[in-house]
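Chemist: Features from TrEMBL:
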type     : residues                       : note
BINDING  : ASP200, HIS202, ASP272, HIS453 : Zn(2+) 1 binding site
BINDING  : ASP272, ASN312, HIS419, HIS451 : Zn(2+) 2 binding site
DISULFID : CYS83-CYS159                   : disulfide bond
DISULFID : CYS86-CYS151                   : disulfide bond
DISULFID : CYS114-CYS125                  : disulfide bond
DISULFID : CYS215-CYS220                  : disulfide bond
DISULFID : CYS221-CYS244                  : disulfide bond
DISULFID : CYS379-CYS425                  : disulfide bond
DOMAIN   : 79-163                         : domain 'Saposin B-type'
REGION   : 1-21                           : region 'Disordered'
Amino acid sequence: MPRHGVSSGQGRPRSGREQTLDRSLGAPSLRLLWMGLALALPDSQVLWAPAGAHPLPAQGHLAKFFRLAPQLREAFSWWNLTCPACKGLFTAIDIRLRNEASVAQVGSMAIKMCTLLKIAPPAVCQSAVQLFQDDMVEVWTRSVLSPSEACGLLLGSSCGHWDIFSPWNISLPAVPKPSPQPPVPPAPGSPVSRVLFLTDLHWDHAYLEGTDPNCENPLCCRQGSGPPPASRPGAGYWGEYSKCDLPLRTLESLLSGLGPAGPFDMVYWTGDIPAHNIWQQSRRDQLRALTTVTDLVRKFLGPVPVYPAVGNHESTPVNGFPPPFIEGNQSSQWLYEAMAKAWEPWLPAEALRTLRTGGFYALSPRPGLRLISLNMNFCSRENFWLLINSTDPAGQLQWLVGELQASEDRGDKVHIIGHIPPGHCLKSWSWNYYRIVERYENTLAGQFFGHTHVDEFEVFYDEETLSRPLSVAFLAPSATTYISLNPVSPPSLQGTVSTKSMATTPGALTWSWTTRPTS
């Protein structure tokens, strides 16, 4: 998030849950580095390994590496990699990519590096590399990073200037900002709307009762996890407090129990449908999760309109959401088309059109209220496709400004839903989003996100005094237990025809908003 104003800011380290979630594959820059290393250097020329890497038995070319390693590790360890060596390395990467290397060569060496450095168990390394290699090589070959910029990213500005995520600005209309209006509690007896908030369901189709909930893989309690040690119980029937997702029966029980909590006027569903087995997913797996859970939601919520947002786990490889200028088989069209088909009963034609283009949409659930569903994967630090160009992917933020200005002109209020909270986004994206929130504080009545799996909120402050709160983003806890969490009943949002006010009760979130200004 920008330099001020948000409780979960850009500088805040991610939680252990989020770090573990992506641990098997590392940050985008590291994934690219391993592929670059594998591509640029044959086995006998790998000069260094991070301290603490556990060597495999020395065979063939790797034996030469281990004979060299004791002398070279101190000088060329990860944290001590020199600027000239770094630039030489990435120059070699560019040369090999443009002249010799195939995806198969990249994948073979990346598997060796992943296994050698114990980034993940060998089977996970192999499956993950095979899943990611085509997209990662495509990104690297199309990236605007020069060797100097790559080294500036890895080693700091003293080695090179990293421009790829440099500041950029969206355009705000010249229309003057209206004077901020303080919140006014709703009048007694005001009309009420009730909204169900679902997020991070994470259905694991391979969940298996009795299996090891603490296996070596990034996700357990499933076929292939093996039995637990004799001293520990296996995975439970409904789920497990460990690094496990949920069986379908648990999600069915959750949704079937919503009847007494209703009735609901609409549902906000902010993504992450598939499980965390990100090293072995296929498009078929993702689409099965999408259609199965969508059908389940529709079965138990009946005619209630559901308004979804796209999560980072909906795609495969995970976090891989190319901007619309990436066409062909590597585009996200396969996913957006399937979502449009699955969600067509809930969304009008114009919303389906922008959903098919970029995974975002806007609609009016009722007079005076505009709902905007953002594809927050276009702000994600883990979306490796943004290494090509991160400047307002798909023009989504500029589109958001247009929607908010039109709502302000009409006197409507707006809710924004999305998966990844703005405080977890790339710096320039967050900064622009922050500007938008401040400009339209009178219009924006609520923001709702998921992703972190815990009950949190982010506060936005005015830029002049840095002391006046002007908006809140609510982050709902997950349905899944991943990792070692207690699944919660979905929060409900209760809205009235009034201005912003908020109150919480155990297991529920109550929110009041203005639909139209009163005379």
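Just so you know, glycine gets a Cβ as well, placed from its N, Cα and C.
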Chemist: What is the separation, in Å, between the Cα atoms of ASP200 (Zn(2+) 1 binding site) and ASN312 (Zn(2+) 2 binding site)?
Modeler: 10
Chemist: Which Cβ among the disulfide-bonded residues (CYS125, CYS221) has the fewest C-beta neighbours inside 10 Å?
Modeler: CYS125
Chemist: Taking the Cβ of ASN312 (Zn(2+) 2 binding site) as centre, how many other Cβ atoms lie within 10 Å?
Modeler: 23
Chemist: Restricting the comparison to the recorded positions CYS215, CYS220, CYS221, CYS379, HIS451, which residue's C-alpha is spatially nearest the C-alpha of ASP272 (Zn(2+) 1 binding site)?
Modeler: HIS451
Chemist: Could you name the residues, excluding ASP272, ASN312, HIS419, HIS451, of the same chain that surround the Zn(2+) 2 site, i.e. Cβ within 8 Å of the Cβ centre of those residues, in sequence order?
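Modeler: Output for this site, in sequence order: THR199, ASP200, THR270, GLY271, GLY311, HIS313, MET376, ASN377, ILE420, GLY450.
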Chemist: Centre the Cβ atoms of ASP200, HIS202, ASP272, HIS453, go out 8 Å, and tell me which other residues of that chain have a Cβ in range of the Zn(2+) 1 site.
Modeler: THR199, LEU201, GLY311, HIS313, GLY450, HIS451, SER478, ALA479, THR480, TYR482
Chemist: If one measures from the C-alpha of CYS379 (disulfide bond) to the C-alpha of HIS202 (Zn(2+) 1 binding site), what distance in angstrom results, rounded to a whole number?
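Modeler: For CYS379 (disulfide bond) versus HIS202 (Zn(2+) 1 binding site), the Cα atoms are 21 Å apart.
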Chemist: With an 8 Å cut-off on Cβ-Cβ distance and a minimum sequence separation of at least 6, pull the same-chain contacts of CYS244 (disulfide bond), or say none.
Modeler: ASP204, TYR207, PRO213, LEU219, CYS220, CYS221, ARG222, ALA235, THR481, TYR482
Chemist: Around HIS202 (Zn(2+) 1 binding site), which residues of its chain at least 6 apart sit with Cβ under 8 Å of its Cβ?
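Modeler: Non-local contacts for HIS202 (Zn(2+) 1 binding site): ASP245, LEU246, ASP272, ILE273, PRO274, ALA275, HIS276, HIS313, SER478, ALA479, THR480, TYR482.
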Chemist: Report, in whole Å, the straight Cα-to-Cα distance of CYS425 (disulfide bond) from HIS451 (Zn(2+) 2 binding site).
Modeler: 12
Chemist: Spatially, and counting Cα to Cα, which of the recorded positions is closest to CYS425 (disulfide bond)? Options: CYS125, CYS151, CYS215, HIS419, HIS453.
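Modeler: Going through CYS125, CYS151, CYS215, HIS419, HIS453 one by one, the Cα closest to that of CYS425 (disulfide bond) is HIS419.
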Chemist: Among CYS125, CYS151, CYS215, ASN312, these being the recorded positions, pick the one whose CA is nearest to that of CYS83 (disulfide bond).
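Modeler: The answer is CYS151.
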Chemist: Rounded to the nearest angstrom, how far is the Cα of CYS215 (disulfide bond) from the Cα of ASN312 (Zn(2+) 2 binding site)?
Modeler: 24
Chemist: Count, for each of the binding-site residues ASP200, ASP272, the other C-beta atoms lying within 10 angstroms of its own C-beta, and report the residue with the smallest count.
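Modeler: Ranked by other Cβ atoms within 10 Å, the binding-site residues ASP200, ASP272 bottom out at ASP200.
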Chemist: Nearest by CA distance to CYS125 (disulfide bond): which of the recorded positions is it, out of CYS151, CYS215, HIS419, HIS453?
Modeler: CYS215
Chemist: I'd like the number of other C-beta atoms within 10 A of the C-beta of CYS83 (disulfide bond), please.
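Modeler: If we count other Cβ atoms within 10 Å of CYS83 (disulfide bond), we arrive at 16.
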